[in-house]
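According to TrEMBL, the features are:
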TRANSMEM  A:6-28  transmembrane segment
TRANSMEM  A:61-84  transmembrane segment
TRANSMEM  A:91-113  transmembrane segment
TRANSMEM  A:158-175  transmembrane segment
TRANSMEM  A:205-224  transmembrane segment
TRANSMEM  A:256-273  transmembrane segment
TRANSMEM  A:285-304  transmembrane segment
Amino acid sequence: MDIVTIVQILDSTLRLATPLLFACLAGIISERAGIFDIGLEGKLLIAAFFSAAYAHYSGSAWIGLGAGVLASVVFSLFHGIASITFRGNQLISGVAINFLASGMTVVIAQSWFRQGGRTPSLTGDQRFPSLDLPGAEAVQGVPVIGQIYGEILTDHGILVYVGLLCVPLTWYVLYRTRFGLRLRAVGENPAAVDTAGVSVVRMRYAAIVIAGVLCGIGGAYLSTSLAAGFVREMSAGRGFIALAAMIFAKWRPWQGLGAVLLFGMLEAIANRFPNLDLGFITLPSQFMTALPYILTVIILAGFVGKAIPPRAGGEPYVKER
Amino acid sequence: MKLTRKFLGATAVLALTTGAALADPALIYDMGGKFDRSFNEMAFTGATRWAEETGGEFRDIELQSEAQREQAIRRFAESGYNPVVMTGFSMATPLEVVAADYPDTTFVIIDGVVDLPNVRSVIFSEQEGSYLVGLLAGMATETDNVSFVGGMDVPLIRAFACGYAQGAVAANEEVNVIVNYTGTTPAAWNDPVRGSEITAAQISQGSDVVFAAAGGTGVGVLQRAVDDGILSIGVDSNQNYLHPGQVLTSMMKRVDNAVYSAFESGPGMETGLHVMDLAAGGVGWADDEHNAELISDEMRAAVSSAQEAIAAGELAVHDYRSDSSCPISVE
Amino acid sequence: MSSKRMPKWADVLLVPILSLIIAFALSALVILAIGEDPVRAMRLMITGALGSTYGWGYTLYFTTNFLLTGLGVSIAFQARLFNIGGEGQALIGGLGVALVCLFIPWPHWSLAIIAAIAASAIFGAVWAAIPAYLQAKRGSHIVITTIMFNFIAFSLMNYMLSHVLRPPTSMDPATARFDNVLRLPRLHDILAPMGIDFSRAGPANVMLFVALLACVLAYFLMWRTRLGFEIRAFGKSEPAAHYAGISGVKIIMVAMLISGALSGMMAVNSVMGGPQRLVMNAVEGAGFIGIAVALMGRSHPIGIIAPALLFGFLFQGGSELALETTIPREMIIIIQALVIMFTGALDNMVRTPLETLFALMRRRT
Amino acid sequence: MVAEVTGGAAAKAAPAIELRGISKAFGPVQANKDINIKVNKGTIHGIIGENGAGKSTMMSILYGFYKADSGEILIDGKPTQITDSQAAISAGIGMVFQHFKLVENFTVLENVILGAEDSERLMPSLNRARKLLTELAAEYELNVDPDALIETLSVGHQQRVEILKALYREANILILDEPTGVLTPAEADHLFRILRGLKEQGKTIILITHKLREIMDVTDEVSVMRRGEMVATVNTAETSPTELAELMVGRKVLLEVEKTPAKPGEVVLSARGLKVVDEFGVERLRSIDLDIRAGEILGVAGVAGNGQSALLEALAGMAAATGEVKMNGEPLDLTLKHSDAGTRRERGVSHVHEDRHRCGLILDFMAWENIAFGYHNAPEYNKNKLLMDNHAILEDAKGKFERFDVRPPNPMLTAESFSGGNQQKIVLAREIERNPDLLLVGQPTRGVDIGAIEFIHKQLIALRDQGKAILLVSVELDEILSLSDRIVVMFDGRIMGERDPETTNAQDLGLMMAGMTGDVA
C-alpha cells in the first residue's frame, strides 16, 4: 500500500467517522445519564432528512442544520417522555424511534418532493463548504506533517471540525463541570442526586436533549456535507456503529474518538478495496462491514477489557426511600 | 360450505375487476427507485412520454425489498394490467414464474431475458455506448488517468466498464483506466456516500474523468467530481444538466424508448428478444447545451466516426458478457 | 401492583386496544398531514388485504411470518430477555432452508418441509445461541449483542448470496430456484378439494398451519410444562428462580434457543413458501414486527395471533396503499413504530389513567 | 445527665421541627395518620416504632420525597413547604438514609459536593470541600480519606460520608434512619460519639430506629409510632425499655413462646470449615463449624450482614461454598457444580428465604403457582414426564391455605395481593408441609403483623416437636431468645460462641454480636 493510498484512506476515514462521532458522543452523554439510547440511528436519519429538506427550501445549509437538530431533539423528547416521564422501557422506546424515523422520513419526503423518498440534490450554499485549514497549503511539501495536516486534516466540511472540537468539549463538561458531575452521578445512582436536591428528571432530560442536538448535527452532516441530499435509509446503520463505538470506548469521549476513527477507517478500507487481499487471505467487503459489530461483541463478551455500563443505565428512576 | 364458496368466489371476481380499466399498461421499477436520475428514471420518462402523447394512463410501483418482486408482478397481472413492463435483470427469475401463471398478459423485461411466449426481453448493447464515452474520456483526460465507478459488480456493469476502457484506450494508448464497483448487492445502486468516497479515492490516484454506471449511487460520484473539480460522465439518462459545464457527457441507454415502444404496441406486441444497439438507437451519448463547451470539434468528429463504424459493423466493441473477459482489465 | 388495580380483561385487552387506537389515530393524522384521506386509505387497505382471496392469500402469508417471529420474541420476553435479533435469526434460518432445499434431492415436499423446518430452526437457534451464551455466562447485554448479530447476519448473507450461493450464470444475488417438487401446497391447493375456490396467486401455504400449531404448542409449553413454569418464573424474578433451584444459565439458553428457532422457522414460509429461492433480505423486517406483535399480544402464545393477523393485514394493505395513493409503503412502518411505542414504552401512559378510572368505579360500587 | 441538656433554654425556644396533623395515605393504606410532633433544638430525638409503623413515611415527607395529604411542617417555628429534597436542604435538614445515597465510583469529595457545588466549574468546590473535611475530621472524629472511592470504604466510613454531606450543606437538623442496622457495636458507638459532638455544637438530631437500647443510650426525648400514628412523646430519662416496647406494640410483649423442652435427636446437618467467598472476592463466611440436631431449633443471632445470609444460602444451595457439610451423614456438593437449590430440596432441606418479595415468592404468579414454586418437579404436581398437573397443585394449595389460615383463602389471586403476614404463611405452608429434615428460616417475622407472628412461631415449634431440625436466623434478639433451643452468635463471618437461651440474656449476646469473645463458655 503506497503512501498516497494511505493518505486517501485516512482522509476518507475522517469524513466517514464524523457522523459516527456525533452519534457516539450523543450516546455517551445520554447513557452516562442513565438513559440507554438505541435510537441514535433514528435520530441521525430524521435529522439528515430535515436538514436536507430545509437546506433545499431555504438555500442555506445552516438553516438546514437548525431544522435537523430540531427534529432530532423532538425525537429525543419522545424518548424522554416514554422513558423518563412514563418510566417505560428505554430499549423498546429506542426501537420505536428508529422505526418512526425510518417510516417518517420516506413518507414526508414523498409527500414534499415526490421523488421516491429523497430530497432534491443540494448545490452551492445548500451544502456546508469545505474549510481549508490555515497554512495547509504551505506545509504540503513537508513530509509527514504535510501529509497529515496539509492533506488529511484540511479541506473537510466545517462540521468535521465541529465534531473534533466536541470531543474535548464533551470531556470537559463531563469531568470538569458541575453539570457533568451531576450527569454522571445520575447515571450511576440517581437516588444520590435526588437526595442531594437535584432533579433527576431535569438532568436526564438535559442529557437527552444534548444527545438530540449532537445526533442532529451528525445527521445534518450526512445529508448536507458528506452527501448532497437525502436518500432513504441513508444513515445505513451508522447509529448502531456509533453505539458499538460507545461501548468500545467504555463510555469515554476521547476513546470514543478513537473508536469511531477505527470504524470509519474500516468503512474507508471497505470502500477502497472491495476485496482486501492480505496475501494469505482475501477479506470481502462484507467482512469489513461486519467487523465493527464483531469487535463490539468481543468487547461485550468481556474477553478484552470488560465494558461496564453506567450502573443505573436502562432503569427508570422511581423515587423510594 | 356452499355459502362460503359463493362468497369467496364473488370476492375473487371482485379482485380481478378492482383497480383500473383493463389493459392499462403498468411499470415496475427495480431497486434504486423511480427517481434515481438514471436507469429507472429513464423508464419513467418513457412511460410519461407515452402517457402525455396518447392520453393513456399507467400504473407504476417502486420496490422496497428483494422479496417483493414476485408480488409486484403478480399484483399487476392479477388486476388485469397489460402489458406489464419491468426494469432490471433481477426481475427475470420471478417473472419466469409469474408469466407462466398469466399466459394472457404480455410482459416486458428490460435488461433481462425470459424465454416465454408472452414475454418480450429487451437488452441493450451497453458496451457500444460506453465505448463512445470512453473515447471522449480518453481525449479529455490531462492526467492520462480515467476511472469508472460501477454499481453492483455483475457482468452487465462489467460490460459498461469494458466498453468504456476500450474507448479510452482507443483514444489514447497511454490512458490508464481505474475501475471500482460499489458492491455486490442491489444496495449498490443507491449509495451516494460510498460512490462519493470511491470517486475521492480514484481522484487521489490521478483520475480526472470519472464514468459512473451505478444508478442512484452515481449522484454521489458526479457530486464528488464537481467538488474536486474533475469531469464526470453520466449514465442511462442524460445527466449533463445535473452539473452544467462539469459533466463531460452521458452514456444514454434508451430505456425510455423501450418502455415507450412497449406501451405503444400494447398487449399484442411482438414478444421475444429485442436487442437495442447503437445502430437501433438503443445507446448513444449526450451532446447538449450543458456540455457544449467541453466537447471540442475534434472530439465530436472522433466520436461520430466511431459511431458510424460501429453501426456499420466495421468496428466491433467487445462485449464482456460474451466470454466473461475483457481485453483491458476491469476487475 | 397493576393486577390489583385493574381486572385482568382490562389489562389483557383494553390496554393494548387503547394503545392501538392511539397509534392508529396518530397514523391517521400523519396521513392527513400529507394530504391524503385516512378513511379512504383504510378502505383501500381493507379491500386490498381482505377484499379478495388474492388479498387474503398475501395477508395470511405475512401473518404466518409474524406469527413465528412474534412467538419467538414472546418466548424470550417471557424469560425477560429482549431478543431484538429475530431479524438476523430469520435471515440465517433462511440459509438453512436454502441449503436443505438446494442440495438434497427430496422426493416430496412433505419430507422437505420437515427437513427445512428442522434446518431453519437449528440455524436460527445457533444464531441466537451466541448472544444467549454471552448473556448467560458473561453478562453481555443481550439487546446490544442481538443488534450486533443482526448486522453480522446481514453481512454474512450478503456475502453468501453474492459470492457463494449465486448460480454462476445469474447476476442476481439470490440462489437458484428450488425444484418444483418442493413447492409447498398453498391455500388454493388445500382448499380446492373442499370446494372452496381460493386465489392461486396468494402465497399463503401450509406453513400457516404450522405456525398456528406452534402457537398452541408454545401455549402448552409455557403454561402446562415444568420448563414453561421455570421460564416464566425466571422472567418474573431472577433471584426467586435461583432460590427455587432454577438455573438461570439454562433458562436463558433454552428460551433464546427456542426464540431463535421460531424466528428461524419463519424462513420456511418466506423462502420455501414464497419465492421458492433465497433472495436478499428475505425477512423484510418481520423480525422487528415480531416485537410489536409480542408487545401487543402481551407475549402470550395465543394472544399474539390477533396482532399477527393485524400486522399481516397492515403489511398487505400497506402495499396496496402505495399503489392507489401517494402514501408510500413506509406508512406501515410508522404504524408499527407507534404500536411499539404505545404498547411497549408508553404502556404506563395508557395504563395509569385506566387504573385510576377503575379505582374510581370500584369506590363507587 | 441527658435530661439536663434537654431542659432549660433550648426547650423554650421554638422547636427545630414541628409537624402538625400530617397525614399520608397510599391507596387504601393510611401510612401516617394525624402526626403531631415537636423536636427541640439542640437535642437528640428518637423516633421508635415497629417495621411499617410509618416512621419512614414521615421522614420521607420531611425530606420532600412524598407530599403529605394534609398537615403542616414548621421549621424553627416558621411554616415551611417542603416540596422536594432541595427545599428540605434549604430548610437546613440533612438526611442519612438507611441505604446510603452515594455514587459508588465517585470519590468522597465528589459525593460531598454533589448537588451543592459552588459554581459551574468543579475545582473551587472540590478545594473548599477538602478544607472543610479536614476541619470536620478534627472536630467530630469524622475522618475519611477525601480522595478514596466510595466502593473501597467500609460501611461505617460510608455513613460518615453521608453525615459529611449533610454538614457540607450546613444542615442544622440531621435525620438518621436506622443508622446502626449495618454497623458493628463499635462502629455504632463511634457514630453515637459523633452525634453527641454534633449536638453539643447546637445541631438537632433525629434518630429513627427500632432498637430500644440505642434510644435509651443516646436520646433526650423519644416519640413512639404505631400503625401510622404518633402514640407518645416522652423524656428518655423518664421512661423504660419495657414501657417503650409496650407503647410500640400496643400490648404486653409476648417475650416467651410457650414450648416444651427440646428433645434433640441425631445430628441432621453438620458443617465443618464452611467458607463462602462472594462474587467480589469478599469472604462472607470464615470457616463455620455447626451441628444441627433433629428436634431442635438452632438460633443464629447477629447484626445484619455478618454472614448469616451467606450461611443460609450456602446450606440452601444458592451460594457456592467450600468446606464439608454432611446431611444425614451424607456429604453435600457445596460447589454447586452438580447441585443447586432444587437438589438440596430433594435432600430434605427446605428454606424460608429471608426476603420473601425478592426470592421466596413470585409476586406476579398466582398463589397456587407459588405453592408449587421450587417443588414443581415433585411427582404429585406432575401428570407425566411432560405436563404439570395444575389441578392437583390448585387442590393442594387450597388445603394448605386452610391449614395455615391464609386470608383471603383464594389461591387464584396473585401473590402480591396478600398482606405480608399471609404471604409469609404461603411460603411457610409450602416449605413446612414438604416435611423437610432440615428447615432453614431467615427473618420469619420481618414485616409481619403481630397476629401472624404468633402463628408462625407456633408452626416452627410444632415442626420442631415433630423431630425436625430448624436453623433460625433472625436479627430480632427477642425472637431468637424465645424460640431457640441453642443460640450461636455470628460476627464478621464467624461464630463467636454458643449460648443456652435459658442462661443467657440480651447483653451477653450483644457483646458477642459486637465481636467480643472474652468469656466463651
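Cβ coordinates are placed from backbone N, Cα and C, and glycine is handled just like the others.
Here the transmembrane segment (A:158-175) lies next to the transmembrane segment (A:205-224) in space: the count of CB pairs under 8 Å, restricted to residues six or more apart, reaches at least 3.
A Cβ distance under 8 Å defines the sequence-distant neighbours of the transmembrane segment (A:285-304), meaning residues of its chain 6+ beyond its ends; these are 240-241, 244-245, 247-248, 262-263, 266-267, 269-270, 273-276. The recorded stretches the transmembrane segment (A:6-28) and the transmembrane segment (A:256-273) share 3+ CB pairs below 8 A when only pairs 6 or more apart in sequence are counted, and are therefore in contact. Nonlocal intrachain contacts for the transmembrane segment (A:91-113), taken as residues 6+ away from its ends with a CB within less than 8 angstroms of a stretch CB, comprise 36-39, 41-43, 45-46, 48-49, 53, 75, 78-79, 82-83, 119-120, 230, 232-233, 239, 314.
Counting residues 6+ beyond its ends, the transmembrane segment (A:205-224) has Cβ neighbours under 8 Å at 18-23, 25-27, 29-30, 32-33, 35, 37, 40, 43-52, 55, 61, 64-65, 68-77, 79-80, 84, 119, 122, 126-128, 157, 159-160, 162-163, 166, 179, 183, 186, 230, 234-235, 238-239, 242 in the same chain.
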